[in-house]
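Trainee: Handing you a structure now.
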Amino acid sequence: MKTAKPSQDTAALHANNAAAHDHAHAHDDAHEAHDHGHAHGHDHAHGHFAAGGASLESALEMAEAYCRERGEKLTPIRRKVLELLLASGRATKAYSLLDEMRQIHPGSAPPTVYRALDFLLSAGLIHRIESINAFAVCHDLTQCQHGILVVCQQCGNVTELDEPKLRQALVAQIEAAGYRLSGDGIELKGVCAQCQANEQASAEGAKAAAHS
Ligand SMILES: [Zn+2]
Ligand SMILES: [Zn+2]
């Protein structure tokens, strides 16, 4: 872990601060209305990041406040990369992020995107998803207490199981076996519900085709 885990009390305090921060901005409503279509779709598919149901904009503000507390800055480029990942709602490859950046800033060079990703990784705001070589937003943008990642190997859908006891028990067993984890992430490979349904549908389609 790169970040010290805050105690439960601090965690509650952080959550309150984030809420207070949101209320302090009278213009948030306008932002939310503006972002609604976008954020809504995201929440439906992957409502698991930070303050469940928070809009894209308030998630970004939370990340900004978190960086400020750490004495770091969520620069416009870093913020944009985080925003692209939040909007995608699933694990996304670096080159897709670069493509999207180039649509906004035509001159974007790969190192710009990689440096932003490195910063977001070291801040604990995103995860490197090793099984599919992609990046995804952490479920917990304000405290960055990582859970256990379950990654759909077909579509990049990521769910972060927020089970601190399960995680601790697993880490304890790993250490008892004489190992330490070589990264922050505990990543499990899976196939998401949507992809299972698609598999089912195409298997049935093939069966029907064979019968006709
Ligand atoms: Zn995480
Ligand atoms: Zn999937």
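The backbone N, Cα and C atoms fix where each Cβ goes, and this holds for glycine too.
So TrEMBL says this about it:
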BINDING   HIS146  Fe cation binding site
BINDING   CYS152, CYS155, CYS192, CYS195  Zn(2+) binding site
COMPBIAS  20-46  compositional bias 'Basic and acidic residues'
REGION    18-48  region 'Disordered'
Trainee: Taking the centroid of the Cβ atoms of CYS152, CYS155, CYS192, CYS195 as the Zn(2+) site, which other residues of that chain lie with their Cβ within 8 Å of it, listed in sequence order?
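Mentor: Other same-chain residues near the Zn(2+) site: GLN153, GLN154, GLY156, ASN157, GLY190, VAL191, ALA193, GLN194, GLN196.
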Trainee: Which has the fewest other CB atoms in a 10 Å radius around its CB: CYS155, CYS192, the listed binding-site residues?
Mentor: CYS155
Trainee: Less than 6 Å between Cβ and the nearest atom of ligand 1 is the rule; apply it to the binding-site residues HIS146, CYS152, CYS155, CYS192, CYS195.
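Mentor: So the answer is HIS146.
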Trainee: May I ask which of the binding-site residues CYS152, CYS155, CYS192, CYS195 is closest to HIS146 (Fe cation binding site) if we compare their C-alpha atoms?
Mentor: CYS152
Trainee: So, in DSSP terms, is CYS195 (Zn(2+) binding site) helix, strand, or coil?
Mentor: helix
Trainee: Tell me, how many other CB atoms lie within 10 A of the CB of CYS195 (Zn(2+) binding site), whichever protein chain they belong to?
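Mentor: For CYS195 (Zn(2+) binding site), the 10 Å Cβ neighbour count is 15.
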Trainee: Using all protein chains in view, find how many other C-beta atoms are within 10 Å of the C-beta of the residue listed as 'Fe cation binding site'.
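Mentor: For the residue listed as 'Fe cation binding site', the 10 Å Cβ neighbour count is 22.
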Trainee: Let's check the environment of CYS152 (Zn(2+) binding site): how many other CB atoms sit within 10 Å of its CB?
Mentor: 21
